[in-house]
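Asks: Positions annotated as active site, nucleophile by TrEMBL: B:131. The active site, proton donor annotation in TrEMBL covers B:207. Residues or ranges marked as compositional bias 'Polar residues' by TrEMBL: B:327-337. Per TrEMBL, the feature compositional bias 'Basic and acidic residues' maps to B:338-347. Per TrEMBL, the feature domain 'UCH catalytic' maps to B:36-268. Annotation comment: TrEMBL describes B:327-355 as region 'Disordered'. Marked as site 'Transition state stabilizer' by TrEMBL: B:125. Residues annotated as site 'Important for enzyme activity' in TrEMBL: B:222.
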């Protein structure tokens, strides 16, 4: 029977080498397609080499609705005391994972990176949309694939993202010069030197791997690759100030050195306000309540215990919290969530107004990477300024 | 050819979308432990102690075994003479499950004791990330009598008594109590839809196994194996002596460079012993430990989204109140810090671990 794919796009397979820690992702060079089709009301998730016919996939997974998820792959292994951003890879890697088993399949996008500076680890809005569409399909949701794709706007689409462009990049080296760092693994002209060798790019020059800075020969670790891709960043022109920037992390914005003075200087009402966002158990523990599980935090006893704490004791709790590994970890999580497109949802939940609702201007996809973090910070600043404005207005009318 | 994504054939899409099974979707979500959210990555004595406490188990705590010898194990439980006074109920072993190790017909060491599976609480592991809880319950539910496992666990044990081990595993995931308690100790990552969490290979690589004496034999209870593994006769008193060589052999199976394993001993609440022998200092020490654990657990389970925003607002407010450039300097400092850290990593060895 003939297979009618719902969706097809260029992707390669990755192996995951778990013998090291962190594990190494090894992309395989072979150009291929991921495609989905439906048969007997179940979605098939398939991969085939581009040379193979539709009905000869090397991978054909029958997906039960809600069992599978298709998401960008980020390696996460945070040391307890650090709060740095997660390390992306030097390629756009997606993972297909299952609720019902620990099976994982990793794939890398073989289409040209849309990043203006050629950062190969950057998921463009279209890339993200693609992943979302697939994920939704795997949940059994209705997706009007045509409309969704037609709606994605790509601001930096200098050229059509057609196959022919990719063939060009594969075949020749000259596009590397035209595009900021796309031949160097996404950093800039500087990165096109020895880095290529380190990252194992010779096969790309041979045109085998679909124009990406990945290779099946020994690539550096995920961290190395990303850093290499950043190497040329400072030397880039204005384009680098556009999308995909690094910006900073919440952990770097809120180290203890910064938060402690603010706590120190806080007045009684601010301290109480901050404490109201922490679990009441902390207050009970400070009161040396023996068995906090036996105390209902909403009870009179609990309230009394909290009231009985001195301002200093309360500040002490706040200080301990901002120094805690759990807080650092949560900052890292939040940073990652913002970078991964969580800005609209998060800002909405917090009632922080962010520009354009957290979406890419003119588009229907969320901001990502450093811009999302920056937009979040700007939204917070705006909130503070508004609050200050309200206060001073009030004062004027007194 | 335009866009590299080919959205074809609406007909096939329509065909697929004709499949709708809301009941399946809904029931799946209710039935299973939210696997993604349940990651007991830190094998932490504080987490385990309060996890079993929340399950209704009385007077049990966990301590780390640092030195692999029987004396150390006995010392942890506070016991110098009789193990009945201060028993070691079992040992939980966390280690990296070697890739490619499949279920075998015969275990590498010891013997499968399928008959024992009828008399022992042994559950097949069905929920991937729940294996920490699985290991805990393997010990607990076999110690009914020696430990007051509480009414809820007793009910669960009775309920699953007649089940074969794979069904017991299912029952574990269906138990709302166990599921809720387990989930509440998951590393809280409320900002990210947990299903977006990275596929860390740690998830199926790290594994928890329980060792405990039951009915006069030393058993290795591993939910991924087909049956409990017997390592020979072993009384309660002999447990610390006999479990050590078994653990040593197990650890020896892995390359010397693989040092990521951890051992937790399940012992009786040390405060009890301290009270009994009038060890005031020891009692105070244990109480402080408990307070610290409860503090950590409270933070672990907490959703910091609101707090983070308020703290951030506080910092922004104070920067804006200072000189005109304060805010920009603060952001610039943070940005430089991020960049520098990444540059430093690059300068490090190629085998640098994540961040």
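Note that Cβ sites are derived from N, Cα and C of the backbone, with glycine treated the same way.
Walk me through the surroundings of each of these features.
Replies: Tertiary proximity for the compositional bias 'Polar residues' (B:327-337) is limited to same-chain residues at least six positions away from its ends with a CB under 8 Å from its CB atoms, namely 315-316, 319-320.
Note on residue B:125 (site 'Transition state stabilizer'): other Cβ atoms within 10 Å of its Cβ, all shown chains, come to 23.
Residue B:222 (site 'Important for enzyme activity') falls outside any helix or strand according to DSSP and counts as coil. Here residue B:222 (site 'Important for enzyme activity') comes close to B:125, B:207, B:209, B:210, B:229: these same-chain residues lie at least six apart in sequence, with C-beta atoms under 8 angstroms from its C-beta.
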Asks: Can you give me the average pLDDT across the domain 'UCH catalytic' (B:36-268), rounded to a whole number?
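Replies: Here the mean pLDDT over the domain 'UCH catalytic' (B:36-268) amounts to 76.
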Asks: Ten-angstrom check, please: count other Cβ atoms within 10 Å of the Cβ of residue B:207 (active site, proton donor), all chains counted.
Replies: 21
Asks: If you run through the compositional bias 'Basic and acidic residues' (B:338-347) with DSSP, how many residues end up as helix, strand and coil?
Replies: 10 helix, 0 strand, 0 coil
Asks: Across the compositional bias 'Polar residues' (B:327-337), what are the DSSP residue counts per state (helix, strand, coil)?
Replies: 11 helix, 0 strand, 0 coil
